[in-house]
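S.K.: Below are the features I grabbed from TrEMBL:
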- C:GLY135, C:GLU136, C:GLY137, C:SER138, C:THR139, C:ASP140: ATP binding site (BINDING)
Number of protein chains: 4
Amino acid sequence: MKNIYVQELKQVPVEKQKVEIVERKGIGHPDTLADGIAESMSRALSREYIKRFGVVLHHNTDETQIVAGKSKPAFGGGEIIQPIFILLVGRATKEFEGTWIPTDKIALKAAKDYIRRAMANLNPDEDVVFDVRIGEGSTDLQDVFMRRSGKAPHANDTSFGIGFAPFTETEKLVYNVERKIYNEFRKEEKAIGEDVKVMGLREGDKITLTIACAMVDRYLDSLKDYIAVKESLTKWVKEIVTEYTSREVEVNVNTADDYERGCVYITVTGTSAECGDDGSVGRGNRCNGLITPYRPMSMEASAGKNPMNHVGKIYNILANFIARDCYENIEGIEEVYVKILSQIGKPINEPRALDIQIIPKKGYDVKKMEKKAVEIAEDWLDNITKITDMVINGEVDVF
Amino acid sequence: MKNIYVQELKQVPVEKQKVEIVERKGIGHPDTLADGIAESMSRALSREYIKRFGVVLHHNTDETQIVAGKSKPAFGGGEIIQPIFILLVGRATKEFEGTWIPTDKIALKAAKDYIRRAMANLNPDEDVVFDVRIGEGSTDLQDVFMRRSGKAPHANDTSFGIGFAPFTETEKLVYNVERKIYNEFRKEEKAIGEDVKVMGLREGDKITLTIACAMVDRYLDSLKDYIAVKESLTKWVKEIVTEYTSREVEVNVNTADDYERGCVYITVTGTSAECGDDGSVGRGNRCNGLITPYRPMSMEASAGKNPMNHVGKIYNILANFIARDCYENIEGIEEVYVKILSQIGKPINEPRALDIQIIPKKGYDVKKMEKKAVEIAEDWLDNITKITDMVINGEVDVF
Amino acid sequence: MKNIYVQELKQVPVEKQKVEIVERKGIGHPDTLADGIAESMSRALSREYIKRFGVVLHHNTDETQIVAGKSKPAFGGGEIIQPIFILLVGRATKEFEGTWIPTDKIALKAAKDYIRRAMANLNPDEDVVFDVRIGEGSTDLQDVFMRRSGKAPHANDTSFGIGFAPFTETEKLVYNVERKIYNEFRKEEKAIGEDVKVMGLREGDKITLTIACAMVDRYLDSLKDYIAVKESLTKWVKEIVTEYTSREVEVNVNTADDYERGCVYITVTGTSAECGDDGSVGRGNRCNGLITPYRPMSMEASAGKNPMNHVGKIYNILANFIARDCYENIEGIEEVYVKILSQIGKPINEPRALDIQIIPKKGYDVKKMEKKAVEIAEDWLDNITKITDMVINGEVDVF
Amino acid sequence: MKNIYVQELKQVPVEKQKVEIVERKGIGHPDTLADGIAESMSRALSREYIKRFGVVLHHNTDETQIVAGKSKPAFGGGEIIQPIFILLVGRATKEFEGTWIPTDKIALKAAKDYIRRAMANLNPDEDVVFDVRIGEGSTDLQDVFMRRSGKAPHANDTSFGIGFAPFTETEKLVYNVERKIYNEFRKEEKAIGEDVKVMGLREGDKITLTIACAMVDRYLDSLKDYIAVKESLTKWVKEIVTEYTSREVEVNVNTADDYERGCVYITVTGTSAECGDDGSVGRGNRCNGLITPYRPMSMEASAGKNPMNHVGKIYNILANFIARDCYENIEGIEEVYVKILSQIGKPINEPRALDIQIIPKKGYDVKKMEKKAVEIAEDWLDNITKITDMVINGEVDVF
């Protein structure tokens, strides 16, 4: 009915392959910062549209461009010499049913609020110069009518989404190391910036974590302080990795440092965007929070796309949800991949194809999993607008 | 010595999997246009640096942002109402050995020249407004010294590159259909724009090509003309596909058209960037020209990165070259994947790991291929700066 | 010695001419807002330079451009639909004696702080989008050396300054009506915006004041409220004019209103820059606070020019000071005009010509005033750097 | 009827005053360049509106901002290092009677075309980066209706215009020296740039002309060449001045040159906007082509204002025309000043006051001139829309 296919996938699960590479760009990385801003604009616009008209109107704000500034960091506290420039880009419905919506102002405010929330030492009013170039998008009246009566909107494009479950140990490791540095270690150690990039390389049973962590200069009086924080971070990471793996883990932090030449990774604001690193939406983490070159990936930038009919966003989220639910609720799955292809102009709950590919555990038969898997997929398709709500309410991350 | 690993990959080759999705965004797609501009800027800067200083100096121009304009296309010829806005972003060495380099001007000229070459109906001087925000990049003197003596430069980052060979039938099809529409059919039929997106879906032995092709309004007097060109394109594609596959191929062009509502895909300039579609570097084709969600992919944007020490660019090109050479020169390969991981600060010809994964044809032993594969990889590593030259000379495409 | 000339001017004093036109653009008028921002940037930079280097370094920030936004004012409170765009333009010394100065950030902060201080209902962080394009200016080392030893700097240009005293009744009236509305009436009546333009026309002994006063919508519940405030303002102005003249004064407020068509002058932020009125430095008030087409005027924009060696600024201030001091300290002056011409490259206290033109009161002889007038002029020239200090300390207004 | 007043002005005519200062900023001066661009945009829009709708629609493009670039001039030919940035600002009617007008594109093209026409060595496509921020202006339908029936439009503002006749010798000299250098000498001597500033100071019967003339580096092989051209220009100017005055004239060219320090006024493009000098509309020449601090002046920027109902433009042109016609057609006038004050909302041919102030030649009675003067003024008021046509057709200069 709904073009759902379940099949066995014959390949070595990633966990059992010899080599694995996984990367996560942390919240303060310029690309992730762009993602975060893009997504916050879309959420703010969605909420405003709902408040005024009861439905989300057409918009896409998935093209923020961050142009690096210039800084002179220094132990004890340096300076931003030239502010970061952030161009907010997209389309949005600016007039509807006789009312003007202050889209540019909403977008600007959302971007600034996001920076304030996400970054401890970056002041959006002083360290950043913004420009807003949000074009006029047009909302299809018929579409609004349909959605007001609770029907699924039509796909905006021919596009596909991809998801998988479960995470391998290396994936869990890379994801959680960044998350915990941001949420826990940074709270205790103020010198830790938000621009933390974690690269995981597994060679057989040996995992090497290479962490690039921007430090904040004002909380470090000297090189000695810097080295101490670096060692403290290394030690802390070594401790938490045991929660995720029993494999041997090597942890390297800021490997490009060269103390003699005075090359250390200190910043004024906690992000390399302050000096030399530009950032752009959709160039970093996929919507599951990781870059996984050994896994199939979608090139779609989820962040900033409208959560209502943009299949480039919804299908990626949906595919991950279906994969996760299959893995958690069906016995015998080693790995599962979900791929969904849209048909432009058709309701988004009627995809062109929804492929569930399962690598079964030894002794399990994919055939027997089919019914359950189809049920899970159908259930999600029947409730697809729930994803819109979850995105708007901030209950699902997309980067 | 050079951390080269050859191993057998145990999985169903993509050609034999049940489902395959492949996409190519054509030259005039906003994302590809951004890629093309970014790459042309880097090439122009590289040539200028070589002309003035004998070596490529530090730069990266991989962040062009295209903000859609506004147009009113009409049969017989419509109008651009609001020009497209293109922000050229990056870093470049602006002063070296006492000389100032007009980086912004070079970048601007390169961007305009590229548009003139690539797009038949988009006038960069009238239909586009540019801004240039290229920051000051600093060139490491030691590095220049080294390169002047012919040594391989040091990797700028911890990053990886990925390549594979050969293309599946569907991949060849998708790639070449766009290439031939652009290079051949467009030359004969002026109404064909450059913004052609080809999506290929293979289900078993049935391939469906979904083509979105922007038409140019001034060459179409009426809806009848439009329909005629669409049919002519469909027919032409159906003919050329037989060069690449004997599978059944369904060809759909501009499926979102709705003649009754007057919804057809006409444009003034041949690209959807003229009205509503923004574009950004690194969000479209990988450096082999395709988006292949069923294949491992790198998230790195190759276009615009410096071709000298940016491993995010060089390793992706290198991986594809090694894969291709292995496939062409070693008997018995069904599919081969190459993955290369850099070490920041180490010479780029000394990667952290260079993984060659081979799916052998039936009856072949990967062990016996190892020596030859290592030789091919070593040879490329020994001549890695050749890639720099090829990029600058335009002998290798990266999108 | 110092090229000071004193002569009698044979003409009817403006006060006694039949017709007189005087205009003042209030603090919130887009042109004056641009002046205020330009001047605040120069002051902030000057202070920072002094703090870091003991002297003001080269800069000029006299080219702010305000691009109007879009608003939908409404009784009870409307909305800014599209933020105002403000481009901060100029040159400044960005690196000096090995230190980088965060000129762009200082300029941005100064501009925002100024708006916060000057405008009660315009939020620079939410209602305005800024861009900063401040080029690299170069400071002459010899010049810094000289100024550090207390010598007068050299004139940057061939330019002239003009001043006069005293104000006519109409001039006093126009100037003070705006000042008092801003400083007094606006404090009591929150609906009064800062964009108040006062045009005074004197025909013989009849003065007509035409006041355009932007009202702030959130403090007005209805058209009735609006009319009430308008009447209250008219009445208040009629009362204060008696302090400045005994002539008959007609007061017209917001004469373009058309109640039936709903045309009234309400705004969301108190300035017409929110919707349709662009603004630019140097197009409004001269450095004495007025536009006086019946008087000689300089076209130089004083606001934003560096207060150290830019004769276009310093000589206009100086000419007004000398005129005022002559008028206040020399008996028998009806009107006095001072005109100063610089010589590029010569110390600013050695003008090419300093002309003092006096219209004496009946029975007075200009010859007898000469010595005193020359003394006053010489005294100011000897202490010319005092003007720099006064400007930086905010003790002298220039618009 | 039409509020026209004629009166005698009792003052020493400027020609007979002891001191006189007159300035003209040439075509390539950044402020004049801004004026020229602003005016060309308005003319192009006006023509387009007439072509499409038969009447000029509402617009004002009087706020161009030029931000200086960066250059490295050198004998034999230097380089533009960073392009000039030009922000085109204004409002225009973008949609009318169901048709969209490509205002931004028209404005951009007009600006570039103007630069191509006016500047021999400045390439608008390579040496300049443009941005366009032209807001939506709204055209009053009633007003269009009226104008379509040939009636005079209503004044957009309370504003005034000023004009005088004849030019003094110094005024003629300053004006024509720049005009002839631009139109004649520059044609013969390619090294002469368009950025020529002429300052005239008359002290009694001695006139000093100070000329700052940007030279174009590619046409000068050495300092020797530069000096030769400078001397040749000086000589040429000394010759042409005799056409305008029999007074003694001293001619100084590029007085700030310092050959020993290598300080000479050479440029790559012929304008100082290429390096360090920003420019803005309305800060240079008044609509008669001069800055005349000894004359009454209007602060209105005429350039770029709509030529249909913007009294800030029309009344300045009108005042000069009436003054000129009075001077040429009425015997006995030594000097005549015309001042016109508008009434917002009233037809522009019904000013609030039109003041004609005449300084008669010895033995002439202003009373007897009144009738003729009123006739001239009335005739112009009756044919006021002719000014609109003349402006659009380029028959009247405004800077």
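Even glycines carry a Cβ here, placed using N, Cα and C.
Automated prediction, rather than curation, is the source of TrEMBL annotations.
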S.K.: Just how many other Cβ atoms lie inside 10 Å of the Cβ on C:GLY135 (ATP binding site)?
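M.R.: Neighbour count, Cβ to Cβ under the 10 Å cut-off: 21.
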S.K.: Specify the count of other C-beta atoms within 10 Å of the C-beta of C:SER138 (ATP binding site).
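M.R.: Result for C:SER138 (ATP binding site): 13 other Cβ atoms within 10 Å.
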S.K.: For the binding-site residues listed here (C:GLU136, C:GLY137, C:THR139), which one has the lowest count of neighbouring CB atoms within 10 Å of its own CB?
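M.R.: It is C:GLU136 that, of the binding-site residues C:GLU136, C:GLY137, C:THR139, has the fewest other Cβ atoms within 10 Å.
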S.K.: Taking 10 A as the limit, how many CB atoms besides its own sit near the CB of C:ASP140 (ATP binding site)?
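M.R.: Other Cβ atoms found within 10 Å: 15.
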S.K.: Could you find out if DSSP has C:GLY137 (ATP binding site) as helix, strand or coil?
M.R.: coil
